[in-house]
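Asker: Take this structure, written in structure tokens, and hold onto it; I'll ask about it next.
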């Protein structure tokens with residue numbers, strides 16, 4: 001046998017790759033620029049005439065019919081807004097019709113009754129910390145690393161119809177019933193850690209006023225897999241900290257060290273790395289916002305601490321993601337290089353020095369949000385950054401096109417299909433003008449480094465009804 005020949009790309013493969021790159025680098029931006037020159041009223045007509053906002057998710061329509069008569073006007077509002085967005089995301093993410101039906105039915109029957117009053121003019125709404133405009137629900141599109149199908153998730157704060165009024169000043173009624181619903185509706189829900197952290201972080205008596213700028217006390221999130229829905233819970237330590245004259249981190253540390261499977265210090269090496277980082281004099285002040293757990297058996301659950309850093313340079317990102325160089329390795333190095341690429345395209349920071357901050361804003365949710373997570377027995381924590389796109393991206397369309405560009409080029413693999421369906425989902429739900437000229441639909445773009453250095457990316461979306469396309 002002769003020497004093996006060197007394998008070369010075929011002319012078709014080369015031309016196909018060039019065509020894909022042409023789409024990303026030239027044609028997508030050119031089409032966007034041309035459309036931007038069209039008057040607004042003509043853009044709306046063009047969008048409607050091409051069917052961009054007229055194709056309702058088919059399973060959503062079916063479940064809408066099944067829900068007739070079961071929702072009050074507030075529930076109908078949330079179904080027609082957040083439920084519609086959820087239906088579009090599920091459909092375009094490629095969920096089977098059976099999975100879409102199961103998830104949408106769960107949302108319509110179990111979640112919408114706990115989202116409070118409709119967001120209508122003059123309504124007295126609970127000031128939920130879930131989103132900056134107080135919508136008590138946020139959806140997300142998990143791109144994973146781009147190598148498998150995306151998945152959809154949602155987060156909510158249970159809100160009663162009388163929340164914030166004299167009849168229910170601290171919004172306690174809805175959560176009481178929501179917990180009962182959760183245990184019944186999702187058979188896999190395990191309450192052991194939930195009950196512990198709820199007791200450990202709840203104040204001894206109701207507190208007056210907002211804690212750290214908001215009144216929210218608990219959030220829930222749902223991972224919407226093809227076969228199963230699983231839940232998570234998020235607790236706010238500020239109430240207990242204020243009541244006991246402690247810092248938020250002190251309250252969190254005590255709650256963690258008394259949790260089942262965590263009383264042995266050898267199980268908390270990962271948490272101790274975080275404590276060392278937070279206490280280091282070279283670390284900027286960290287604002288401890290939340291503690292989260294998976295509502296599964298403690299042996300399988302994670303503890304996650306969400307914290308905010310007001311520094312916004314990429315140098316501060318590197319410092320935080322590595323816990324002040326306490327975390328290291330080739331995977332993390334590779335992941336940080338990829339994160340810088342996404343940072344550059346998302347926030348238009350290419351060529352900007354690492355130590356240059358993002359444009360200053362004094363909003364409560366400005367700065368950069370992070371979490372560190374660990375399981376009992378972990379040697380080191382994992383870290384994740386949440387970039388507040390609503391504060392720092394130029395527009396929501398900039399976010400969409402940036403994610404498209406990043407997901408195309410990462411690892412040298414073409415991932416246009418995943419980015420194209422996300423593009424389609426956003427355009428099918430929201431007005432073009434809102435996407436092109438405004439921001440706020442994307443709340444965060446989250447990134448975490450996976451084994452091998454791939455970057456896992458998640459888009460978080462606020463279902464702002466005033467920006468929905470006519471349908």
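Including glycine, each Cβ sits where the backbone N, Cα and C put it.
This is the feature table in TrEMBL:
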- 138: L-tryptophan binding site (BINDING)
- 153, 232, 234, 302, 304, 306, 386: dimethylallyl diphosphate binding site (BINDING)
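Mind mapping these onto the model and telling me what they sit next to?
Answerer: For residue 138 (L-tryptophan binding site), applying a Cβ distance below 8 Å and a minimum sequence separation of six or more within one chain yields 130, 131, 154, 155, 156, 443, 460, 461, 462.
Neighbour density for residue 386 (dimethylallyl diphosphate binding site): within 10 A of its CB lie 20 other CB atoms from the protein chains shown.
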Asker: What kind of secondary structure is residue 234 (dimethylallyl diphosphate binding site) part of, going by DSSP in three states?
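Answerer: Strand, per DSSP.
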Asker: Return the residues near residue 234 (dimethylallyl diphosphate binding site) by Cβ distance under 8 Å, restricted to its own chain and a separation of at least 6 in sequence.
Answerer: 155, 218, 219, 220, 221, 290, 291, 292, 306
